[in-house]
There are 2 protein chains.
Amino acid sequence: MSELVCGTSRIVGCRFSVFPMTDRFVEVIMGALHSVDTTKVWVQTDDVSTCVRGRMEHVFDVTRAIFAHAAASGVHTVFQGTYSIGCPGDTDADVYMDEDPTLLNCDIGKHADIETACQFALYPLGTDNYMEVIYNEVHRAKAAGTFNGSVHYASRLDGALSQVFESLENAFQHAIQSDHSHLVMTAVVSAHSPSAKSK
Amino acid sequence: MSELVCGTSRIVGCRFSVFPMTDRFVEVIMGALHSVDTTKVWVQTDDVSTCVRGRMEHVFDVTRAIFAHAAASGVHTVFQGTYSIGCPGDTDADVYMDEDPTLLNCDIGKHADIETACQFALYPLGTDNYMEVIYNEVHRAKAAGTFNGSVHYASRLDGALSQVFESLENAFQHAIQSDHSHLVMTAVVSAHSPSAKSK
């Protein structure tokens, strides 16, 4: 993958929120944000969401770790994020692209085993063959064993938190390599849902 | 707008979740789902999200009302939804397209006045001029007075719940009328955020 396509940066971003369904939500969210090493990404939090931007591997490393720390609270917690690459004009903070690829938060230990359910969708923009890109990534998740069926407007992944985020990162990485300059992926990942237990 | 474009149905869908940040989240979510009249839409809830599908006006009516009821709990509550139209093959439940346009949940009364902050994004698929479509809808929200700046990967809306959902519905409706067969819009709408109060 070349460093520059269509005059835009190859910086990856994720705008996400973590929702711990508890009266202690502020403590869980702030604890998760502070437990994670974000020195290799640009990060900004507002009253609605947090945005991290940088090299693809660090964006996935940081978002996965923040959710893992929040979900380790044991309460029903949901991660909702939109990953994006190639958004026209998205060059701000390109300095983070110079970071080395060594992950800072890969040791999330036992948090990685938390069972999760995910619904995700890929949106390759500015191209006619976007459905083909989507089908390819569904097949990849099937091969990885995380795919658990299609629902309206999304594909479902089930598995340990680390497996689900690996499938998400693989889908995003391969879809952008196909031929696209602008790719968006949305993901909702749920942990400790009482609905899941009662099924 | 014609009833059929590109051989796909004009059925609109929204896959969404409501996140009340409280220990009583089950009660708030179930209460909201049961307070709303969903007889004019196809509806299915699983352990991750709820999907409603039908005529555009009913999909927006039902999602707005469910969030309004949940937010009326007074706790920090977030709505996260993906609206879609023209997804290839999305014709299941087309029978709901025969419903009349009279809204069943427009009287959400004082709930409509709850102050909200929203981040939304439009993704017109299969077209080259998608950025133009997005800019047009940003201008429409500016004219409506709800637009409150651009952030990475999203546009921000602030205002009463009813105003924010009106801007979302207007953006979606006009963007699909532009010329597109497949349109996706994501929205995160937050109510009663302690971060907002502390700003």
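Placed from the backbone N, Cα and C atoms, the Cβ positions cover glycine too.
For reference, TrEMBL has these:
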type: BINDING; residues: A:VAL18, A:THR50; note: thiamine binding site
type: DOMAIN; residues: A:11-90; note: domain 'Thiamin/hydroxymethyl pyrimidine-binding YkoF putative'
type: DOMAIN; residues: A:116-195; note: domain 'Thiamin/hydroxymethyl pyrimidine-binding YkoF putative'
On the 0 to 100 scale, where does the mean pLDDT of the domain 'Thiamin/hydroxymethyl pyrimidine-binding YkoF putative' (A:116-195) fall?
94
For the domain 'Thiamin/hydroxymethyl pyrimidine-binding YkoF putative' (A:116-195), the number of residues DSSP places in helix, strand and coil:
35 helix, 32 strand, 13 coil
Counting only residues 6+ apart in the same chain, whose Cβ is under 8 Å from the Cβ of A:THR50 (thiamine binding site)?
A:ARG15, A:PHE16, A:SER17, A:LEU33, A:VAL43, A:GLN44, A:ILE66
